[in-house]
Every structure is written in structure tokens, then in C-alpha cells.
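Taken verbatim from TrEMBL:
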- His216: active site, proton donor/acceptor (ACT_SITE)
- Cys233: active site, nucleophile (ACT_SITE)
- 123-258: domain 'L,D-TPase catalytic' (DOMAIN)
- 1-17: signal peptide (SIGNAL)
Amino acid sequence: MIRFCLALLLATPALQAAELDADRQMANSLLAVSQSRMPEAQIAVDKLTQQYPNFRLAQLIKGDLLLARAQPLQTLGNTGNVRNAELEQLRDEARQRVSAATEVFSNDKVPAYLLNLDDSYRHALVVDASRARLYVYENRAGLPVRVADFYITIGKAGAGKQKEGDNRTPIGIYTISSFKSPSELTDFYGGGAFTLSYPNEWDTRQGRNGHGIWIHGTPSNNYSRTPRASEGCVVLANDDLRQLGQYIQTGKTPVIIAEQVEWVAYDVLDTRRNDLAAALDQWRTDWESRDTERLLSHYSASFHAGTQNLQSFAASKYKVNAAKSWIKVGLSKLSLMLYPQGAGRGSKDAEALKDSDPLRAKARVESYASTTTLYPERPNFALVTFEQDYQSSNLSDSTPKRQFWSRENGRWKIIHETSL
């Protein structure tokens, strides 16, 4: 009897469909084993291994079933042909796949991050590192609707990338930059690779480095990899990667990677969207007023834009606004995305927390937070993108912008800005 997933499976009815995906076929085979329906389990796993002959987890279960003809099964991986560390990873893969296949998914809840997507974004991808799952959301009039999900592999060391070579998958909001075809890559990347915009400007500001974080396929000799097996990339089975490709707009599709996705009801999403949108509109209105003090009240003391900090930015705004008789600011193509929580701490916080004196460590962290450093794992941190149409008495231009907003003392403020 496969005890490690018995409790999960006994309460779950067999999943019926004309063509079941690998997760559901896996769940059905393990369910049959857990209920001692060995012939049925053998049929299910034989079908799975015929369909995916290089599926190592399925082959492991098949070996167990052959062994079960001679002795009772105790747990997954009774054959003795797999190393302990590798066996634990395969067991983890089984848990993740079965959990996804048997989960009762509520369509009333969505990831907390997708507050508003501009119509030009057809889909968004949300990665839950803790569940080894990638969710695809379709943008329907600005609201996210789940249309697909896939089993994935993340970094060997988990999530929260800080530096080159740490084998972690970054946490944050990124864009699919480009696609590399199999002909451009080695077999290791399978069906190709979608490159991600890691590090983004916020990562760079926090001192995070590294490169080559991709969403890619698996080698031809392996159907899938265990949940934590990459050097930081997000890895899918090649069939899944091909399916995922139909949802991706290179240079456009946002990818939100969370340590553990926060799920909220649509009304909560509406409230958060309206809250941030109101702050953004007030910033726009105060800019139009030409009251520089009112405008600057929307910026964090830790604000940066290019080489400017808040002081140099303020000086330029006083000078520019003094030369205007009127200003009009229009915002279009607006997208609002909350940053996922749970990223690894930045270098300054990490160093501060090593302090042997807990009170001093706390004070150092708070000092960094109030002056130069703010980390996305804190709540109420958002990425806002839009097309800015600026018109004034002596200048007019249109500029795509990315702004990072942080709630400080109960008020949303701009902490970082990039003109694209």
C-alpha cells in the first residue's frame, strides 16, 4: 500500500475523461494502488508509460506494481533501484501531481496580483513555487480567468533568487522577452525556451544578480524533472511547453512568480484595484495642479528614477513646473499588478539579521527600510505600467512608464520609476 499519499487519495473519486493528462492519469493509478485494485492500477500505469515512455515517475510506479506480485507494497519506490535522494524527489513529484489533479479548484478565487490588465495583455502567467504549478490566466475585460495549468520544476534551492549560481528561482514580476527555438539550444532545453526579463530594475536596485532565467522544456530522455531540480529556471514537460506557447506574446506576457500564491475573492481584488487606482489618479491630478509640494507628496523618501534620488528629482520638478502655465497628464494602457510576497531578503537585511543582538538587528532592518531599501516580500508593493501622455504650455510627449509603488504609513507612494 502506498502510504505516503493514501489519505489524499482515498477521499478522491477516480477521474474520468476521454483523454486524461499526465497528472490525472498518475492520480488514477495511485488511487487504484492505494485501494489495492492492482490490475486496474497496472492498466492505468501501462497506458501512462506507453504514452510517455521516458516518464521516470511512471516507470517507478510500474516497477512497484511488478514487485507487488511477489510482496506487499509499503511505500512508493520499493524496487531498490533508485538512490534515496532521487527517490524522495520522485515522491515529491508524485505528491505535487496528485495534489494538483485532485484539488477542488474554486473559480471564485484568483491570484491577488492581477489587479488590472490592459487589453493588450491577452494572458498572464502565475507560478506557485510551493505547488510546483504554473497557472495561465486569460484577460477578460481586465479580469483574470484561469484557462490552463501545468506541473513545473523550479530551482534546486527553492525560490527567492539573490545572486548568480544560487540555484534559486526569482520571485517577482517579469516579462517574456523572447523565444529560443530548439535549433538554437542543446537538447537539455527540450522544446525551446522563453526568456524572462530577470533581473528587472527592482532586482538590480536590491543588488540581485544572475542571468539566463528561462521557462524551458526537458531533455528528450526525460518526460519531466522533479519539483526542485533546475538551476533557477522554470521547467515544463515538452508537450506542456508547446501548449503554453499558444498563450504567450513575446515581449508582452507578464510572468508573476510567487513563493506561495495568495488567493483572493474577486471583490477583494476589486477593492485593492480601486485603492491603488485612486492613488494613481490623485498623483496625476496633483501633477496637473502644478503644485509641486502636492506632487512630491506622492513619492517615497527612497524614490529613485535613473540617476535621480528624491532630492534631485524634487529640484528638477520645482524648476520645470515654475516654467509652465498649464499641464495635462493622460494615462492609457494601464496595468496594475501587486508584487508577490515571500522573496528572499536583500543583502542589507540579510547582513543585519546576522547581528547577535536581536534588538540591534531589528533596528538595523527598520533603518534600511526607512531610508534606502524596501523589499517586495512586504505587503502592499505594486508594479504599475502605463502610457503617459504629457502636455503642457511648452512641451508635449508620450512616454511608456513603469512605476513601483509602496504603501508607507497607510498611503501608496512611488518608490521607483523607469521611462521606457
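Cβ atoms are placed via backbone N, Cα and C, with glycine included.
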Spatial separation of Cys233 (active site, nucleophile) from His216 (active site, proton donor/acceptor) - C-alpha basis, Å: 7
Counts by DSSP class (helix H/G/I, strand E/B, coil) across the domain 'L,D-TPase catalytic' (123-258): 22 helix, 54 strand, 60 coil
Segment confidence, the domain 'L,D-TPase catalytic' (123-258), expressed as mean pLDDT: 97
